[in-house]
Amino acid sequence: MDDSRETLGPNAFVTGFPIKHSRSPLIHGYWLKTLGLPGSYRAHEVAPDAFPDFIASLKDGSSDFIGGNVTIPHKELAFRLADKPDDLAHELGASNTLWLEDGLLHATNTDGRGFTANLDERHPGWDRHDTAVVFGAGGASRAIIQAVRDRGFREIHVVNRTVERARELADRFGPKVRAHPVGALAEVMHGAGLFVNTTSLGMDGEAAPLIDFAPLAADAVVTDIVYIPLNTPILRQAEEQGLSVVDGLGMLLHQAVPGFEKWFGERPVVDAALRALIVADMEVH
C-alpha cells in the first residue's frame, strides 16, 4: 500500500509488550490492500506502566488511532479501562479489540469467535457432539470455554495439572463446565466429540506428552490453539490415531475479522491467499 493511502486514515494498531513478533500488521495490511481501502494498521509497543496513558490518548483524541488490537500483557487492563466493554469481555475479564464510537471507548474479545470460525471453516460439523475436553486452564482457555459453551455444548471438561485453576474456570463459566486433574483425562475423554489443547505444550517444536485419543468419539475433532508449528505434536498424535485435526492458525486469522470491520467499515474474508502469506512468513521468522 502506498503512503498516500495510509495518510488518508483511519489508523488502527496492535499493542503489547513486546509486540515486534505480531503478525497482525501482515493480516490487516493484506486486507487493506486487497479491498483497496485507505488507512493503516501498525504495531505500537507500549510498556505496562505506560498503558493507562495510551488508553487516555485514545479517549481524548490526542492519538491518531480509532481503535486496535490488544495482546499480552494488556488484555485485562484494556477491559478495565474501556468505557463500554461488551458482555463477552465482561465474562472473560479481558479484551483484545478496542474501538471508538460516539465518543466512548468500546471493548470486546474476539478470541472465541476466531476459534469457532476456524473450526466452522476447516471442519464443518465439528459441533455435532455435546461434550468437549479442554486441556489446560490458563488464560488462553477462557475464551475457548466461553465459545464452546455458547455454541451449545452441554458438558465441557477442563483438565489441568493444577485442578484448582480448572475449578476457578468452572465457577466462572457455570454448571456446564467441570474441573478435573490430569489423571482423569482418559475418563473424561470418553465419547467426547471435541478435544482442544490450550496449553503451550508443543509450542516451537517442544515435546508433548503422549496422549491416547482412543476414548474420544470416532468422528471427534482435535484442535490446538498453538500454531507454531502448524502441525503440533498433539495434532500429529491425534492424526496418527485416525482422528480429524484442525490447526490453530485459522483462529489467529478469524479473530481479526470483527476488529477490521469496526475500524475500516468492510468485513474481510479469510482466504487461502492470506493463510499462505502468514505460513510463508512463519517459515522465515
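Heads up, the Cβ atoms here are built off N, Cα and C, so glycines get one too.
Among the candidates Thr71, Thr131, Thr199, the residue that Swiss-Prot annotates alongside Ser22, Arg23, Ser24, Asn96, Asp111, Tyr227 as binding shikimate is Thr71. Note: the CA-CA distance between Ser22 (shikimate binding site) and Ala137 (NADP(+) binding site) rounds to 24 Å. Ranking the binding-site residues Ser22, Ser24, Thr71, Asn96, Thr162 by C-beta neighbours within 10 Å puts Asn96 at the top. The maximal spread of the shikimate binding site, taken as the longest Cα to Cα distance among Ser22, Arg23, Ser24, Thr71, Asn96, Asp111, Tyr227, is 18 Å.
Within 10 Å (C-alpha to C-alpha) of Asn96 (shikimate binding site) lie the following recorded positions from Lys75, Asp87, Thr162, Ile225: Lys75. Within its own chain, Ile225 (NADP(+) binding site) has Phe115, Ala140, Ile144, Val196, Asn197, Thr198, Gly248, Met251 as residues 6 or more apart in sequence whose C-beta sits under 8 angstroms from its own.
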